[in-house]
Amino acid sequence: MSASSDAEMAVFGEAAPFLRKSEKERIEAQNKPFDAKTSVFVAEPKASYVKSTIQSKEGGKVTVKTEGGATLTVREDQVFPMNPPKYDKIEDMAMMTHLHEPGVLYNLKERYAAWMIYTYSGLFCVTVNPYKWLPVYNPEVVAAYRGKKRQEAPPHIFSISDNAYQFMLTDRENQSILITGESGAGKTVNTKRVIQYFATIAVTGEKKKEEATSGKMQGTLEDQIISANPLLEAFGNAKTVRNDNSSRFGKFIRIHFGTTGKLASADIETYLLEKSRVTFQLKAERSYHIFYQITSNKKPDLIEMLLITTNPYDYAFVSQGEITVPSIDDQEELMATDSAIDILGFTPEEKVSIYKLTGAVMHYGNMKFKQKQREEQAEPDGTEVADKAAYLQNLNSADLLKALCYPRVKVGNEYVTKGQTVQQVYNAVGALAKAVYEKMFLWMVTRINQQLDTKQPRQYFIGVLDIAGFEIFDFNSLEQLCINFTNEKLQQFFNHHMFVLEQEEYKKEGIEWTFIDFGMDLAACIELIEKPLGIFSILEEECMFPKATDTSFKNKLYDQHLGKSANFQKPKVVKGKAEAHFSLIHYAGTVDYNIGGWLDKNKDPLNDTVVGLYQKSAMKTLASLFSTYASAEADSGAKKGAKKKGSSFQTVSALFRENLNKLMTNLRSTHPHFVRCIIPNETKTPGAMEHELVLHQLRCNGVLEGIRICRKGFPSRILYGDFKQRYKVLNASAIPEGQFIDSKKASEKLLASIDIDHTQYKFGHTKVFFKAGLLGLLEEMRDEKLSQIITRTQAVCRGFLMRVEYQKMLQRREALFCIQYNIRAFMNVKHWPWMRLFFKIKPLLKSAETEKEMATMKEEFQKTKDELAKSEAKRKELEEKMVTLLKEKNDLQLQVQSEADALADAEERCEQLIKNKIQLEAKIKEVTERAEDEEEINAELTAKKRKLEDECSELKKDIDDLELTLAKVEKEKHATENKVKNLTEEMAGLDETIAKLTKEKKALQEAHQQTLDDLQAEEDKVNTLTKAKTKLEQQVDDLEGSLEQERKLRMDLERAKRKLEGDLKLAQESTMDAENDKQQLDEKLKKKEFEISNLLSKIEDEQAIEIQLQKKIKELQARIEELEEEIEAERASRAKAEKQRSDLSRELEEISERLEEAGGATSAQIEMNKKREAEFQKMRRDLEEATLQHEATAATLRKKHADSVAELGEQIDNLQRVKQKLEKEKSEMKMEIDDLASNAETISKAKGNLEKMCRTLEDQVSELKTKEEEQQRLINDLTAQRARLQTEAGEYSRQLDEKDALVSQLSRSKQASTQQIEELKRQLEEETKAKNALAHALQSSRHDCDLLREQYEEEQEGKAELQRALSKANSEVAQWRTKYETDAIQRTEELEEAKKKLAQRLQEAEEHVEAVNAKCASLEKTKQRLQNEVEDLMLDVERSNAACAALDKKQRNFDKVLAEWKQKYEETQAELEASQKEARTLSTELFKVKNAYEESLDQVETLKRENKNLQQEISDLTEQIAEGGKQIHELEKIKKQVEQEKCDIQAALEEAEASLEHEEGKILRIQLELNQVKSEVDRKIAEKDEEIDQLKRNHIRVMESMQSTLDAEIRSRNDALRVKKKMEGDLNEMEIQLNHANRLAAESLRNYRNTQGILKDTQLHLDDALRGQEDLKEQLAMVERRANLLQAEIEELRATLEQTERSRKTAEQELLDASERVQLLHTQNTSLINTKKKLENDVSQLQSEVEEVIQESRNAEEKAKKAITDAAMMAEELKKEQDTSAHLERMKKNMEQTVKDLQHRLDEAEQLALKGGKKQIQKLEARVHELEGEVESEQKRNAEAVKGLRKHERRVKELTYQTEEDRKNVLRLQDLVDKLQAKVKSYKRQAEEAEEQSNTNLAKFRKLQHELEEAEERADIAESQVNKLRVKSREVHTKISAE
């Protein structure tokens, strides 16, 4: 895949970063450090594979260190090499250096993490479901993929679609796109995108035409194709466990195209709608979307029309599972469905019928029935629901209920009424609901197809298959079996097609290759289902038996397959899971199936009485749905005498298999394109990938089999031209220069000259093929070679430059010597009298001549100036023409290339046509011969024709008789009706004989019904006979037409007959030979039978041994299970012992600590300590003994288990080898038996055939007749093919004529171009460099244009220099003339020097003109060469006239590209103007800073009020800190990104500083604003001082209050101890947080100082820029005085201005992006600062509580004085901290002075401070640890005076486990609190400094403060916010790299 530049990817718009890596990312990947020897993937149970680094290798074992830091030792076969970084996120996984499972998995994972969801894997495309919307299907993406080859664009479903479209047009072959995968993988979405693509690209210019021709359509064809999806999804899609929008039916959409590639029509075939979902759903699923759309109340008129409510729970059929789906808006979907119905042209009546039938199905589920008293008969339980359902279906409610409860059943020839139980009625209602819904769905598909059939001419189609994915549910029924079977068939088709194509590629290229069949892996499961005696066969057989049940079906399955087929298993019983009856091992996993109700589902019976009501319904739609329905009873009665095997009505499984076979036939007739959809995880989480799940799908989908072929074959392949161009640098001497050499031969020579294994590559016809990994080796060799070449080139260039410099130094030295010599000589003679006289007189002598020379020089100067102006004008004109010629040359090159490609294609097709022609001629010859043989049968055919004529006449007579019979029957019918009326009248009058009359009436009615049936049968016969008559007449006509031809064939047939007679004699002779052979074979057969009997006995013995071994295996397996259970029990006991040991250890540690802390207090405590210590030692010994015992037991069990496993493994291996050997021998014996049997059968057949050869001549005649018919069909096919070939030949002729015309046109264009080239020969200054650009594309052309522009500017500068020199000379001449006139004698020397200078300048000007002319001459030669090249190109064009149509297409595409680039140029100009406007708007941004500052003042007041409530948030803060840890982890990731952005922004700032020349006024305003900031900061400092004083006073009051309550606290000592435990834990956490915040503030100060240094440097750059501005102003004034140089100077300044504006625009955009990131980071900084403030209050509270305990201890203990001493020491430390704080205050004031000057850089400084967030946190944590160490050391020094203080300090840290308080602990608390008091004061001062720095951002703090208050509510949203930040960061990177 060629990597596109960011500029080329710009056409994809916002989708670019989701399709391909940016240039920056690709460069970073190539430069990323990588060690190919140690970087590997390692197999790991949890994550499947992990990235690791090899540490060591020893004895087949490898020790590695994983990414997570773990060290593993694995086998060498579990280690897989990692691909180099340049293959990261590769678009085609077949191109990877190392092909294996982990490489594919991690490539997909990394691309999925970057939201690149499409990836090629060789010949097909893999897509991973993103579970979120991505902007990769926008219209600009469709346009970008149109017409692109696969390798020209990133992987995408649009690329697959466009390739299929292009293949259809070029190969003239039907295409199909198979989108397969498991349920929930995204197949339906990709199907929509395919249809969207075709509907977009294939309708240009056709919409009006379609609208005109459609007439009745409500929308255009493309709209209708697109609208078919929403309608089908509403009625055919539902929520399942794995997919919210799962297609519950399969569809094959065929999109037909006309001859020009435009949309012609479309049709849809559907498969296996899951109609059971209408009445039943699982808990986590729901029914079809349409039910919930209707009840969404988006269209209230529907609710009223359908007589339903808006609550789905009111309807039993649709509320068994869930009723809402979060990802689907039912209201919007209803509008889309309703709109689709209108667009697809359904009539209003049909639309209403669809809704009414859907509502009726919902009402069906609510119909209630009950059992009659004392009977099993069911009766309606209310008629309200039935009335609604009947109303919606235009039925009579009473008739409907009667038909349900009392259906009429046909028994023999009579109909009787049958009673129904309640359950039977409910079953019938459910069946009717499913039938109505299914038939309505199929009717809608038929109507859609009618609407999409536009009757336009169509040639080829592209089919898109979207069928339900593989399903494994908790409850799997017949529907799931059918779906999974379909996927098995598709997977087998996929395997066969894809892998055969890959291997045929090798054969096509002429590479030796042994074919590997990968398509039979799934045959076992497929045969188990569909072959005779398979599951479907047994199911249909059971449906034939009236008394068959599910149990009998299951028993037959078990008898037939259980234990005989490896894919058929008995499921395991799992509690809580649905019952399963058998399991099948599919390619995607094992599925448990429940066969309940399969027989009924397969027969699909309906209540015929209700169906009859449907057929008579006034609703036309309902009546038409069931118009063709035939009852099972009628069919079964009719079939008894006709068929033996099955009924005439089709079962569901038979119909399914028929449709599936049709589908597979369709697919095999097309060229398929495969898209494999992958589910990344089971939880539908965007961005998450489960390794095992993905690997399972990759194995099932054939991805890894494809890689297996790549590993065996040659996955890397390069065209010879590309290989020569790229790798020629490896050995340039291998390819001779200056002579033509074929690319293939050059590649062969090049590879032969390189030291690589020759078996690792193969040469094909057009490509060179490489084994996996070799291409990576070649790339490394190429990189090394390029490095050497570049180093050598640099050395040569440096040497050349130094030599040039040395020559210049020598020339200057010689010039100095010459000048010095002449000056010395002149100084010696200038005072001579004669010389003075000479100086005075000589000018007078030549004054007149000088004037003439001056005049002449002026004229020459003027002429030179005019010529220069003309030259400039011509040069501009030539430059314009040159650009045109360059474009034309590029166009011609593209045309030549495209025509060459087209010519190659045409030649290939021509060769294929010639081959086909030869084959067809051979076939024609063969057919002709056969046709001659068929003439012999002509007489018989003539006789048959006469016989058929007689039969026709007889049939006509029969038809006449039938018509008479029909009339007679009609009369009898009328007579019968009259008789019935008479009988009815007699019945009214004769009550006495009513019984007899009733019987007679019944008999008459039956006779009447029989008559009607007979009449219907006769009518059917009449219709059949009419059709037969028509068919026979057509056959007669055909026979008459072929009569003449067969007469001609008769003679040849007679000759063939004679030939057959000769063959008969030969056959009789061979019969005798066969008899002899038979006798020999009989003898051999007897021997073989004897051997077979021996082998069979041997096999039986081995089978007995095998059975014994299997029993032994089972026993060993049971023993293994017992051992495993023992191991598990031992593990459990060991875990329990470990837990007891840990508990004992913890208790012992607590006891020891208490003993140590209480040691020395009293003698009782000492004794208790000794006892507890003894107990502790005893417990420890017991624990160690128990541990050793457990370890020994576990080791013994492990050893036993390992030995058992090894022994079993050896036995199993031996058994497997024996079994394989026996199976092999068995198969060989079977083959021999089959061969012998076949030979015997062949001999017997040959004997019988030879004996009856004479009698078989008649059979041969009949066979010849069949052959004649076949030949006739072949002749017709050949005739059609010949016509098609003639049409194609005519088309080719027309194309040749068009190309001839185009060639002549191009010749004329060539002549015109030649004339233009001759006119432009004189002054093409830049043609030399443009020559090189002709070999490159538009990128190189731009580069050449830049070079031309630079040279043009150099010429302009030279011209300006000449003009300045001439003007200066003119001024000097005028001065000299004036001086000469006043004092000619005295100024002779000066005039002479002026003359010399003037002459020298004129000479320089002439030399420059000559140089220009020389360049023009050089360019004339170059132009001549260009002309020759153009002529060569024109010759190439003439040779490529066979593909001119493709040339026109390429030309139009290139014109589009040029137009796009022109548009981009215009856009660039517009952006330049816009940037000038943006420069004026910069001043407004400065006011934003001021507004932000004012908002910060308001925030200060808000924060003051909020600080009063912080006391109540301590408990919340503890939880928030834990959550903050997670956020810090995310911040660390963000920090890395921000650091990278900081570097980019810093570089951009350096560029942007040049654009600040015009910002002096802004700087002044900023200084004024900073003065205001300073005053505000001073005021805030004063306010903070007041707050600190207030806090001190509050603390004093609290201390006094604590002293007064000391006695009360002594009584509540135990309670205080418990409180203190919690407080101490909180105190430690708060101290850490305070230290963290304090260090963050200190680090911010340090970073701020660094930033000040940077800003000072920036100020210096600004000063330099200002000085540069003054210089520019002076230069501008000089330019204005020089009118003749004005234009050149203006152009220079304009170019400078444009560059400056672009830099400023880039910098401003980057500054805006950076400010957004700064805002985000400010919020995080705010979190830390606010936390710090809360912690200050928390510490003060904790301090007050701790001081209460301290006061109590001071009065109770004698050693409180030592704690006071320690407090004094801490006071000294406090003083030191105060001094430090004062020093920091002075530094702060100095910094504020600097801030005043550079306020507008404050955001960047804060960003720099915040970007080091993680490092600051680490430093702060380190500092916290240092301070804790200092505290501990200080406590140790204090412990010298107080024994045991150190133990008490440790005890304070573990207060949670302490139950008693003693005096030593109080002393330690006193010390700790004193230190905390000092620290708090220091922290407050430092917090003030941090707050002063952050006060400009306080307005931004409000947002995060609010987030902290609602932390618990936002916990679930935190991760999504981090993801958004990542996406935003990527967009910023993308924008920066793009700009």
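A Cβ is built for glycine as well, from the same backbone N, Cα and C atoms used for every other residue.
Note that the structure is a prediction, hence the values are computed from the model and not measured.
Taken from Swiss-Prot as is:
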type: DOMAIN; residues: 35-84; note: domain 'Myosin N-terminal SH3-like'
type: MOD_RES; residues: T71; note: phosphothreonine
type: DOMAIN; residues: 88-783; note: domain 'Myosin motor'
type: BINDING; residues: G181, E182, S183, G184, A185, G186, K187, T188; note: ATP binding site
type: MOD_RES; residues: T421; note: phosphothreonine
type: DOMAIN; residues: 783-815; note: domain 'IQ'
type: COILED; residues: 844-1939; note: coiled coil
type: MOD_RES; residues: S1097; note: phosphoserine
type: MOD_RES; residues: S1244; note: phosphoserine
type: MOD_RES; residues: T1287; note: phosphothreonine
type: MOD_RES; residues: T1468; note: phosphothreonine
type: MOD_RES; residues: S1475; note: phosphoserine
type: MOD_RES; residues: T1502; note: phosphothreonine
type: MOD_RES; residues: S1515; note: phosphoserine
type: MOD_RES; residues: S1715; note: phosphoserine
type: MOD_RES; residues: S1727; note: phosphoserine
type: MOD_RES; residues: T1731; note: phosphothreonine
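Here the features listed in Swiss-Prot are placed on the structure.
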{"residue": "T71", "record": "phosphothreonine", "DSSP class": "strand"}
{"residue": "G181", "record": "ATP binding site", "DSSP class": "strand"}
{"residue": "G186", "record": "ATP binding site", "DSSP class": "coil"}
{"residue": "T421", "record": "phosphothreonine", "DSSP class": "coil"}
{"residue": "S1097", "record": "phosphoserine", "DSSP class": "helix"}
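Remark: of the binding-site residues G181, G184, the most isolated position is G184 (fewest other Cβ atoms within 10 Å of its Cβ). Packing around T71 (phosphothreonine) is summarised by its Cβ count: 10 other Cβ atoms lie within 10 angstroms of its Cβ, all protein chains included. Packing against the domain 'IQ' (783-815) from elsewhere in the chain are residues 729-730: each is 6 or more residues past its ends and has a CB under 8 Å from a CB in it. Taking CA atoms as the reference points, G184 (ATP binding site) and T71 (phosphothreonine) are 38 Å apart. Closest by Cα distance to T71 (phosphothreonine), from the recorded positions G186, T188, T421, T1287, is G186. Each residue contributes its Cα atom, and for E182 (ATP binding site) and T421 (phosphothreonine) these two points are 42 Å apart. Neighbour count (other Cβ atoms within 10 Å of the Cβ, all protein chains): 25 for A185 (ATP binding site).
A simple way to gauge crowding: the CB of K187 (ATP binding site) has 27 other CB atoms within 10 angstroms, across all the protein chains here.
The Cα of S1097 (phosphoserine) lies closest to that of S183, out of the recorded positions S183, A185, K187, T188, T1287.
Applying DSSP to the domain 'IQ' (783-815) sorts its residues as follows: 33 helix, 0 strand, 0 coil. Separating the Cα atoms of K187 (ATP binding site) and T421 (phosphothreonine) is a whole-number distance of 44 Å. Helix first, then strand, then coil: DSSP counts for the domain 'Myosin N-terminal SH3-like' (35-84) stand at 3 helix, 31 strand, 16 coil. If you take the Cα of G181 (ATP binding site) and the Cα of T421 (phosphothreonine), they are about 44 angstrom apart, rounded to a whole number. On the backbone, the CA of T188 (ATP binding site) and the CA of T1287 (phosphothreonine) stand 41 Å apart. In this model, the coiled coil (844-1939) carries an average pLDDT of 68. Ranking the recorded positions T188, T421, S1097 by the number of CB atoms within 10 A of their own CB puts T188 at the top. Taking Cα separation as the measure, T1287 (phosphothreonine) is nearest to G186 of the recorded positions A185, G186, T421.
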